[in-house]
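Undergrad: The annotation domain 'Sugar phosphate transporter' is assigned in TrEMBL to 23-297. The feature transmembrane segment is assigned by TrEMBL to 41-61, 73-96, 133-150, 223-241, 253-274, 280-299.
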Amino acid sequence: MESEKRPSMVSDVGAWAMNVISSVGIIMANKQLMANSGYAFSFATTLTGFHFAVTALVGLVSNATGFSASKYVPLWELLWFSIVANTSITCMNFSLMLNSVGFYQISKLSMIPVVCVMEWIIHNKNYSKRVKLAVIVVVIGVGVCTVTDVKVNAKGFICACLAVLSTSLQQITIGSLQKKYSIGSFELLSKTAPIQALSLLVFGPFIDYYLNGKLITNYKMSSGAIFFILLSCTLAVFCNVSQYLCIGRFSAVSFQVLGHMKTVCVLTLGWLLFDSELTFKNILGMLLAVVGMIIYSWAVEVDKQSTKTLPHAKNSLTEEEIRLLKEGVENTPVKDVELGGSKG
């Protein structure tokens, strides 16, 4: 039993580590690519289209070489997921453009409670008090170290709401599709990436023009910009794959909580590499967020252990107990109640 648990734990940590490293790496690469002091490539939506195009190409090569197998998923489900995912990307870009950094960060923090509510509505998931407390500590910690000025306007508020709802729904849908069709994370990504790439490359330049008033056709490409675009696309493949891996292994809520570790890493690396200011408030918030993540990990593990031990508290049943159980199964509607943690 221990030998089975250890490889599972190693693969879980590996998936999460890949997501953190690739996500932080892509932020650093995009910062250099998009900053005015760098290469001023201010076409975020089109760049995301490049990301999915490269991911789709990798998936195509993987299927052709037999490294991965293609499984059936209805086209309408793939289209629905792609619409939700692209809405998330577009609304996030609009939210960042229309809102202050402070309100943008608050909207991102609100994804955790939104995911919790959506999973409760869609999958009837319940969360223990321990998990809820840990989530609150993480949200407060990340809020302390990231939220600055908070200014709200009507258009920005609508875009932020759409971004939060679509992103939360996207993350829940990834896990649902993987379980529903018994499809691996990379196989599912290989099916959704081409649709997202095509739509983002078609509509992306128009969205970017609306956002910054610049046409990508007028951008003067340099060897340095090409290098960072390719680096960004390479990291995006790992980021996309690891996101599907993590949501398949953990819950969408766990992915959100663990994902805030990326915020802490980005702030730290920004201070080390880009001379960003790191105040006492930032450090205090980071420490609080890390404590919250530790509490969350402990709470999820305790809940998982309790769900494993409860059904096996008694190993033998009498004939009378078996008869009563059969009657209960026949006459009582089954209701599957899960805790907030992932099922091992």
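Note that Cβ sites are derived from N, Cα and C of the backbone, with glycine treated the same way.
No curator has checked TrEMBL annotations; they are predicted automatically.
Each of these features: where is it, how hidden is it, and who are its neighbours?
TA: Sequence-remote contacts of a segment are chain residues at least 6 beyond its ends whose Cβ falls under 8 Å from one of its Cβ atoms, and for the transmembrane segment (73-96) they are 44-45, 48, 104, 107, 156, 159-160, 162-163, 166-167, 169-170, 173-174, 177, 181, 183, 188, 191-192, 195-196, 199-200, 207, 211.
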Undergrad: On the 0 to 100 scale, where does the mean pLDDT of the domain 'Sugar phosphate transporter' (23-297) fall?
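TA: That stretch averages a pLDDT of 81.
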Undergrad: Does the transmembrane segment (223-241) make contact with the transmembrane segment (280-299) through 3 or more Cβ pairs under 8 Å, each pair 6 or more apart in sequence?
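TA: No, these stretches are not in contact.
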